[in-house]
Every structure is written in C-alpha cells, then in structure tokens.
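**Student:** Dropping the structure in here first, questions after.
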Amino acid sequence: MAAFVEPHFDAYQAGNGNMTVVDMVSPDMLHMVHPHWNQFPPMNPLWHSILGFAIFCLGMVSMIGNGCVISIFTSTKSLKTPSNLLVVNLAFSDFLMMFTMGPPMVINCWHQTWSFGPFACELYACLGSLFGCASIWTMTLIAFDRYNVIVKGLAAKPMTNSGAMVKILLVWAFALFWTLAPFFGWNRYVPEGNMTACGTDYLTQTWLSRSYIIVYAVFVYWLPLLTIIYSYTFILKAVSAHEEQMREQAKKMNVASLRSSEAQQTSAEIKLAKVALVTISLWFMAWTPYLVINFTGVFKAAPITPLATIWGSLFAKANAVYNPIVYGISHPKYRAALYQRYPGLSCQSDNSSNDTQSVASGATTASDEKA
C-alpha cells in the first residue's frame, strides 16, 4: 500500500493552492484516471468522513438484514419453497455486495483516496457490477414469478426447485458477462471522481466505451424496470378484479364479507398497491442517480463533480439495505420466524404470526388465496 501525505486543510478550499483530487492518487493509478478530474480540487475531508460513516452504517445494516433473511429462509421448513429461493439469492447477492464494497470504501475514505492499487480497483468495480446486476435481475424474476402465479392463477406452470436454480444460474451467468466485458476491452474499470471507489468509465468518448454504458443500461436498468412495472401493474389489476368478484359474491350471499380477516379495513388491492409502489420507488431511487451520472458523462450533458459521484454510488449501494425489508420482512411467515429466533430484531408481537394476508409474501401465499 502506498504511503500518503495528508495535505493541509487550506488545500481543500476552493481557489487556494493548485492541488487537485488526483494528486493524492498513487502513481501506479494515474494511467486509470480520466483527465476530466484534474480540474477539481481535493474534496473537503468532512465529505469523506460522512461517506465513510454512511457506508459503514449501511454495510452493517445490510449484512445483518440479509444474513437474517438467508439464515431463516434456508432453515425454516415452511419457507423452503421454489419461489423463496429467489428471495434467498437476492439476499445472498446483496450481502456480498456490502461485504465486498463496504470495508474497502471505509478504508479509502479514511485515506481520502484509493489505497489498494490498480488491480484491486478493477476487482472492486467488477464485484460491484456483478452483485448489482445479479440483484437487479433477481428482483425482476421475483416480480415476474408473482405475475405468473397471481395473474395466470391455476393455469400458471408452478415453479420447481430445479427451475428456480436454473433461473438463478442464468442470472449469475448474465451478470458475469457484463462484469467481464470491460476486461476484454469493452469499456474499462476506473476510479470514480471522489477517488475512493471504482466503476465503469463513462467519460471516455470512444464509441466502443460509450456503447457499453448504453447497452448495459438497456439490459440492466430499463428492461428490468419495465418488466417490474409491467408485472406489478397486471398483478394489481388481477387482485383488484378478484376482490371485486368476492364482494359481488358476498352481496349475493347477503353477507358482509367472504374473508374474515377483511375486518382489518384494508383491502388486498390497497396493500398490493403499496407494495408495488414501494418496490418500484426504491428501485428508482437506488439506481437512477447512478444511471444519470453515467449518461451525463457519456453525452456530456453537464459537468460531473467528484461530490456528485458519491451520491450515485451511495444510493446504489443502499439498495442492498432496502431489499431485506421489502422482500423479507414483508413476508408474514418470515416475520414469525424472525420473532421466534431473534426477538430483538423483530418489531412485532408474537400474535402477529397469525397474519396470513400479506400480498407481498410471494407466489405461495398468492396462489393459496386464488385457489
């Protein structure tokens, strides 16, 4: 590890001194740094402290949350279903995301620059791309699996354990393709503007480099996002139609409701609408800032500052914290198992394990209700 000389704080003030954010980078890293970053002074150390603290907190929460999801879903018999294998894969990918991304980022924020050398920079960016892509497409498969069961109903072909494993392997193979492409000349991995993290090169203006960002965005952002929106839109329509049929049947039978738990005063379609809104909103908040930064660099739409690259990276990594909540804790059987095994991590009482009405609990609960 190269030795670093801490510059005086005055060097961080705009207009004072001739130092740039690149000056603290070790000499063996300079060939990877785009000239665009030479115009910016070093960032205020306070920003590095804030970023390091935020990544540390996000990493701890993510690893604990995803670790609980993996542990409980793989050891609880009632949760060992083919559909839940996708949830376990999502938690596994998110756990590895923060396990490999968090500690290096915290150390680099302490040194205020990348401190592990060129190969580690490429490996860091490679792993970030791998786990990010795997998480994105696993979320897409979860949404499509729910669409398949809820919308198609009994006509849907049920997912098997072998079918789920094949889909998971295809997700990792697909993610690996995008991960390895920059090593073979289609784009490259470089330090980001804040010099504490690494990612894809969105500043080099050759078409070979730019085409990677554009095609990657289509297959790893737009296509998954549109698939999730499509799936939840038709799921909401199907559940709404199902609820309307049950209300009409209740009127014919001259009863208040065919479902005793409907006394909760919250209809299934409202619950599902909330889940869909949360899922899509968190997706949008997590990945859109990073996409905007990449496209801004590719098309030179606006100047990109080192500080801006921090927020894109931070929001993307925060998605590993959201997922255990959306896909794990929203599952009633998971909440019951979590309360029994780790009471201190559960925010519910023991009798809430009787809740079997969650519309976010995956295809198993949905298929039971439709049946």
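Placed from the backbone N, Cα and C atoms, the Cβ positions cover glycine too.
Since this is a predicted model, take the numbers as computed values, not measurements.
The transmembrane segment annotation in TrEMBL covers 46-73, 85-102, 122-144, 164-186, 213-236, 275-293. Per TrEMBL, the feature domain 'G-protein coupled receptors family 1 profile' maps to 65-327. If you look up TrEMBL, you'll see 349-371 marked as region 'Disordered'.
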**Student:** Can you tell me which recorded stretch out of 46-73, 85-102, 213-236, 275-293 has the most Cβ pairs within less than 8 Å of the transmembrane segment (164-186)?
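**Tutor:** Checked against 46-73, 85-102, 213-236, 275-293; highest Cβ contact count belongs to 85-102.
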**Student:** Take the transmembrane segment (275-293) and find every residue of the same chain, 6 or more past its ends, with a Cβ under 8 Å from one of its Cβ atoms.
**Tutor:** 136, 139, 143, 202, 217, 221, 225, 228-229, 232-233, 235-236, 304, 308-309, 311-313, 315-316, 318-319, 322, 326, 330, 359-360
**Student:** Which whole number is the mean pLDDT over the domain 'G-protein coupled receptors family 1 profile' (65-327)?
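**Tutor:** Here the predicted model's pLDDT, averaged over the domain 'G-protein coupled receptors family 1 profile' (65-327), is 86.
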